Amino acid sequence: MRLFSPILVASTLIPLISAVPAGSSITPPPPLQPSYFTHSSPRPWARLRDWIIGSIWDIDHKHRSSKHSSPPSNIHDRYGSDVVLRFHLRQPDEAEALASASQVLFLDIWAITSEFVDIRLADDMIPSLLDLLPLTLRTSYTPLMDNLADEIYASYPSRHRSDSDFKSGLASAELKTISNCDLFFQEYQPLSVITQWMRLMASMFSSHVRMTSVGVSYEGRDIPALRLGTSHNTETTSGPRKTILIVGGSHAREWISTSTVTYVAYSLITHYGYSPAVTRLLHEYDWVLIPTINPDGYVYSWESDRLWRKNRQPTGLPLCPGVDLDRAWDYEWDGESTRSNPCSENYAGAEPFEALESQRLAQWAQNQTAHGGAEIVGFLDLHSYSQQILYPYSYSCSSVPPTLESLEELALGLAKAIRQTSHESYDVTSACEGILTQGAAAGITSGGSALDWFYHKLHTRFSYQIKLRDRGSYGFLLPSEHIVPTGKEIFRALLTFGKFVWGEEASDISLEDMTGDQIPLN
């Protein structure tokens, strides 16, 4: 006879979870001193704790309401005639020609690199676009998606998704990881589920996890964060607490960035006490993880427009709300190119920090360093797509960061860690030579980025923007079966990040066995 059922346990925990207000820190119980133990012999209470969590998320996966899992009804009306084209570049000025033509026709540029430009447009606009392009570009494009509406529909969670659909296109090693992984990461999750999950993590792992908020969005939503570490268990600290900040979801449609933040948070949380490397890194640093800094836009991308990019703040043009959060920071802000066009996907606002969410994150970071006894030594801003690791500066290639050599060394180390984990290749370059700069050359501002602000204004020694999977086959509509593999490779990169920033004292930390696999829940 079973003493507990998953439903009974879940119902017992619901008051506990609901009692934790979103955006507030959770007071931990008396300090716990973690011990190291093996995967095969977990502590009894840890085993029960993990079983409870696994049971809860099994229930959520099977009984998730249609409100969260059903795609918006207007997908085919909005995107039924849209396609995504990739233009292959042969000459440097071709990217500028494409961007200029896209601005004239109000098209959505998905990606600009030194090799290609991806553009979304209605199929009946293709002749108009080609007429504005040089002859060399008129025959140098290929379709990436010829039925965008169906691709968008497929990106939403489905309660009837078959195992064969889920497993298509993945290597056997990746499938093995997914089969052992928490079901929470087998689908993209709406904000309401993510917030409840964060509260549960803080409640169940209170020795080293707290839930907090970095501010409130324009529409009044909390911007929740998880703070991982053991500093709250220490009565005295010597100097500011070293902190690593990881942010996702600046652009609402980049769902993989939000899911990756939750995956690496869960990996750090559950490896604590099991892995000596993770345990030491959580003793040395506070890790602050924000799944989405743009909750309003993220919710809107679930409920109304899957490809929404900006926040939901009103602008001077009522029909074109939203400011690009990654163009709104007050270091080398350059919003003149988009000031007169609030409809632009890159609209930077009428002045620096007009985007409320960017302002809130900056205020939180400044308060942490000025009053909270913290030193933000690392900043990782996760985006998609194109598989790039970018370091400062983004606003200009004529300005060289004073710590360029260290920035390059660590960036190459992150790329190597990813390659060793999944065999995926991430390009390493200055942001001014990557996607951001190509956009700037084409008249799209690249100033006002979070990457540059943290590095220059807050003196964060290691500041990066990481463009996650893939290289364009799916673009912003990366299938959910890539959540786990992407999370694994970024988790390994984060451990490499923490070890490098720590320096010589961490030279004895071994990451060889850190594959990014989840600690089993049963």
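Here the Cβ of each residue, glycine as well, is placed from N, Cα and C on the backbone.
Annotated features, as they stand in Swiss-Prot:
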- 1-19: signal peptide (SIGNAL)
- 187-501: domain 'Peptidase M14' (DOMAIN)
- HIS251, GLU254, HIS383: Zn(2+) binding site (BINDING)
- HIS251, ALA252, ARG253, GLU254, ARG309, ASP326, ARG327, SER384, TYR385: substrate binding site (BINDING)
- CYS320-CYS343: disulfide bond (DISULFID)
- ASN367: N-linked glycosylation site (CARBOHYD)
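Per Cα geometry, GLU254 is the residue among the recorded positions HIS251, GLU254, CYS320, CYS343, ASN367 nearest to TYR385 (substrate binding site). Ranked by Cα separation from ARG327 (substrate binding site), the recorded positions HIS251, GLU254, CYS320, HIS383 are led by HIS251. Note: the CA-CA distance between CYS343 (disulfide bond) and ARG309 (substrate binding site) rounds to 11 Å. Using a 10 Å Cα-Cα cut-off from HIS251 (Zn(2+) binding site), the recorded positions that qualify among ARG309, CYS320, ASN367 are ARG309. Same-chain residues at least 6 positions away in sequence with a Cβ under 8 Å from that of ARG309 (substrate binding site) are, in sequence order, HIS251, ALA252, ARG253, GLY297, GLY322, ASP324, GLU345. Reduced to three states, the DSSP call for HIS383 (Zn(2+) binding site) is strand. Distance from the CA of GLU254 (Zn(2+) binding site) to the CA of the residue listed as 'N-linked glycosylation site' is 28 Å. Here the domain 'Peptidase M14' (187-501) has a mean pLDDT of 93 out of 100. Each of the recorded positions ARG253, GLU254, ARG327, ASN367, TYR385 was scored by other CB atoms within 10 A of its CB, and the lowest score goes to ASN367. A count of other CB atoms within 10 A of each Cβ picks out HIS251 as the most crowded of the binding-site residues HIS251, HIS383.
Reduced to three states, the DSSP call for HIS251 (Zn(2+) binding site) is coil. Cα of HIS383 (Zn(2+) binding site) to Cα of CYS320 (disulfide bond): a span of 23 Å.
The 10 Å shell around the Cβ of CYS343 (disulfide bond) contains 13 further Cβ atoms across the protein chains shown.
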